[in-house]
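Participant: Encoded as structure tokens, here's the structure I'll be asking about.
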Amino acid sequence: MKRAGFTSAWLPAMLLLPQLAVIAIFFYWPAAHALRSSFYLQDPFGFGETFVGLSNFTSLLTSAAYSRAAWFTVFFTLIVTFGSLSIALLLAVKADKVIRGAKTYRTLLMWVYAVAPPVAGVIGLIMFNQSWGPLKEFFALFGWDFKLGVNYFDTAFAMIAVSIWKQVPVNFIFFLSGLQSIPKSVREAALIDNRSATGRFWDITFPLLAPTGFFLLITNITYAMFDTFGVIDTVLKGQPGNNPMTLVYKVYVDGFRGNDLGGSSAQSVVLMVLVLALTVFQFRMIERRIHYT
Amino acid sequence: MTTHKRRLRLSTVVDHAILIAGSLLMIVPVLMLVQMTSMPDLINMKTGPSLSIGDQWVPNFEKAMFQADGFSGINTGTRMLMNSFILGIGFAFGKIFVGMLAAYAIVYFRMRYASLAFWIIFTTLLLPLEVRILPSYEVVQRLGMLNTYQGLIIPLIASATATFFFRQYFRSIPEELVEAARIDGAGPVRFFFDILIPLSRTMIAAMFIIMFVYGWNQYLWPTMVTTEEGMFTLVRGIKQITQMLEGNQIPEYGRANMLALIAILPPVMIVIFFQSWFVKGLTESDK
């Protein structure tokens, strides 16, 4: 890239200053701090610390509670990601196809984007309420005695349902805009070649949506791992007990409530490594995607 | 031919049925929340959401906005609403201000260490605040910024999403524009104010909406840095809302649900009214 740029020694430095100052103090300092404290054991009353090497990490790997949370996070992330992506894709394909009411449908299907995750959790508490929750009553028709906050599986179900509900709109927006950017000529050619709508979808539309889908896959994994904190905290009413929790929630519970700073920092570092791996994977795939678009 | 036409019609009906089902799935849960704000608490406690509309909207709204709980007695709905606006607007404004300046420096200036600055800034895209939440808390504590608006807003700004977005956008602006401006004798400051900002108006608006909603909806960070009730935002206050339902003999569903409703109304309205800007900004950032 060649840019006919301005040359000035101090102006660009001044322009970059706010950004660099903010990230130095509130990004690099904390990140370095987390890295450092993951190798130390903090005194719970704030008197000093001892270097313990990798012991925070080894105790994580051997902790049953941690591996339980890790497996739950994997399970939770997979279901939330695929659930919300497939529902959103179905809705986007249909919203792209209909002529009447297309705009109304778009508005109706996207506004939940602006609902905060913990408020979505409050709505979940209503839906699954023990005495009269509409969904709880509905499940009771099939003999399913839904017990939110008591039964491990039921609580996980409620968290997943609310998290999917909250995430469908943003996926819908991206899929719809991806569909609308498919050139008309391609669609018409496909229409001549293939009469079956399902066949057209899988042969033409789906591959053309692949870049959007891949971008969303990564976004959704990050969402399920990090942004669902508000949903989980409200659904659990702040009382994890024996209920399922994700890794981010565990960082918070152990570090902020349990005061185990070293262990919690080690957990943060594990999460950082996971996110970094995910991002590197994403960049490599994006480089590859240039070839087919 | 007739059979073909009928099949087409049927598929259209199925399409609409799916879309209507999807729309209901999005709306009905929130409508239940709204319905419960119109009922007296006793009925809510006994029957939960129903089809009837009660007359309690005004009293519930007054309770939600002006009644406080906790020890201080200052965390009324009005107070939390104000804090939410301060967080949403402050965050959006700060993010855009910092991001636009940095992106301008990166795209339009020839500097030494340009690629170093680029990497330092864009590495922040990799790690969300959630994974470094505790050390960030300690830093804010050490700077004495707990329970302040600065402590609430600035750490949230410490990533490069807006910078990245504006960089992509500035790079899509034709280069001839800078050449022309330079030939006309415009320096970097005039170019920024007279050409770049007017050109980016739509993008700035789109970014503002996205960032406002993002800031307004923050939960984990405000939960950690604001412990004084006078600093609570609506979304942060949700925890108390659910606790209200636990402790009391007759849970205050009317008030609690009204507060939840007030918490979602402003961002939802903005997203609906400025839909096209919002969608444009959101999907543009993908590239």
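For all residues, glycine too, the Cβ spot is worked out from N, Cα and C.
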Participant: According to TrEMBL, which of these ranges is transmembrane segment: A:18-36, A:265-283?
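Facilitator: The listed stretch tagged transmembrane segment in TrEMBL is A:265-283.
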Participant: What same-chain residues lie close to the transmembrane segment (A:69-93): Cβ under 8 Å, and 6 or more beyond its ends?
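Facilitator: Residues 109, 156, 159-160, 163-164, 167-169, 171-172, 175-176, 178-179, 201, 205, 209, 213, 216-217, 220-221, 223-225, 228, 244-247, 249-250 contact the transmembrane segment (A:69-93) from elsewhere in the chain.
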Participant: Which range wins on Cβ pairs under 8 Å with the transmembrane segment (A:105-128): A:156-179, A:200-226, A:265-283?
Facilitator: A:156-179
